[in-house]
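Enquirer: From TrEMBL, here are the annotated features:
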type	residues	note
SIGNAL	1-24	signal peptide
DOMAIN	24-238	domain 'GH16'
ACT_SITE	123	active site, nucleophile
ACT_SITE	127	active site, proton donor
């Protein structure tokens, strides 16, 4: 799970992306066509939308501030945190992962409020975990609320592409109806608010983080393969950042976020975003059948009683 120190009205133009043939782990896949949510929201300048939260010397802003590189070396990792907090939204980054051997390395794009609520914080994670084989990264998603770290709801997936060769989109849609994790606009996981306990669903405003850090104790095969600094520095690139949602204003007496009911004027918490389309559901089914290799719902060693959302 991502750690703090190391861790939207617009009119929508929805475009279908072409199916492409890709491969990963020597397995060819034809990806399903999906609506490109990343074409529906504006991009921000990384250098103005974020500030450096740790490892400042390992962070560079490039291309007039539209791109940032973060490095992990033997001394420290590095991280960025958004200037604003959000009560819900669509958050996305195009990420190019470090090439070569990368066991124990963790690249994270996530939401958290651990700085404000250290004992009962919420978190929504996309964690990209380095592996013990060249270019063999995996993606872990997680979600929890009110400090329930021990009952994290992790799911892990293989990639259908090499994430080190070019940029790929990693996105989180979070509103009062559901949380959706997407890779290249393909939903890989949906966590529905009404299907679980209220205390488990993130509800407090959160900041957005982009980080790289040493996860030797757990990231690769449960800590079997630590970071090998012979291959350092490990450099990740973040670009095409999108932060669209309700910005939380702690000085306002009443929230300006329209969370009470769906509204066509709100492209994240509005009616078009309260549930997945049939096309998105089919794409998610494809990803989960072919690429998911771990789900907490199937882990009886951790959950003696199946969580309600798993039924």
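Backbone N, Cα and C define each Cβ position, glycine as well.
Caution: TrEMBL annotation is automatic and unverified by curators.
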Enquirer: Just to verify: the residue among 123, 127 with the fewest other Cβ atoms within 10 Å, which of the active-site residues is it?
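Expert: Taking 123, 127 as the active-site residues, the minimal 10 Å Cβ count falls on 127.
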Enquirer: Considering every residue in the domain 'GH16' (24-238), what is the mean pLDDT value?
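Expert: For the domain 'GH16' (24-238), the model's average pLDDT rounds to 93.
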